[in-house]
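Student: Before I ask anything, here is the structure I am working with.
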Amino acid sequence: MNFGTPLIRAIIFGSLLTMMIPSIICSIFILFYFIRFREVLERLNNHIILALLLINFIQVISEMPLTLIMLRTRFVAIQSPTFCLFCTIATMFLIIRVLIQKRRIGQREIWRRNRKMVIQLISISIIYMVIWIPNVVCHVIPLIVSSRLPCETATDILHYVQYMPALLCPFMSLIGLPEIRKSLKQTFTRLNHVQPLT
């Protein structure tokens, strides 16, 4: 893999680190809220949000530091094709399972009852698609056109843009969690409350 120029690496490193910190804080706040208020966790649509949030949180705290180390030192800490193969196979099985389950259950009434959850999942899915489509296009173009040069730099940059959905997921999860948004506003209002010194 081409690591790009030092300037590009520094910009990507700074961007990822700048987004990683608020993402971790937001994830911890939401997870803490789920633990503290069990009634929020009892709703079905929040189960899916919690699952997505946990998966993305694990990715951000486990994989992102390795990526940041690689950007900083130009050394890949863990070089295991087995892990990549496992992720690919698990993703395929998950897609197949969802398609089979969709056929088995009458979906129309379920979607109507869980509209808020559907809106959240669609917004998160759109983020994933918007992020992945340019990367896929940059990998397909060299298969069609003989020249690889224009896509190499774009591919190097787009490789790191793939982390954006995991970093943005906690903020997108807040769309369907109005009670957590309200609690966040109250917390920030208390923190920003200015009082005169006596």
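Cβ from N, Cα, C; glycine included.
So TrEMBL has the following annotated:
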type	residues	note
TRANSMEM	12-35	transmembrane segment
TRANSMEM	47-71	transmembrane segment
TRANSMEM	77-100	transmembrane segment
TRANSMEM	121-145	transmembrane segment
TRANSMEM	157-177	transmembrane segment
Student: Apart from its near flanks, which chain residues at least 6 from the ends of the transmembrane segment (157-177) lie with a Cβ under 8 angstroms of it?
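Tutor: Distant Cβ neighbours of the transmembrane segment (157-177) are 1, 4, 8, 12, 15-16, 19-20, 23, 26-27, 30, 33, 40, 45-46, 49, 52-53, 56-57, 59-60, 64, 67, 71, 116-117, 119-120, 123-124, 127-128, 131-132, 134-135, 138, 184.
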Student: Quick test of the contact rule: Cβ under 8 Å, at least six residues beyond the ends. What residues does that give for the transmembrane segment (47-71)?
Tutor: 3, 9, 12-13, 16-17, 20, 23-24, 27, 30-31, 34, 41, 77-78, 117, 120-121, 124, 160, 163, 165-167, 169-170, 173, 176-177
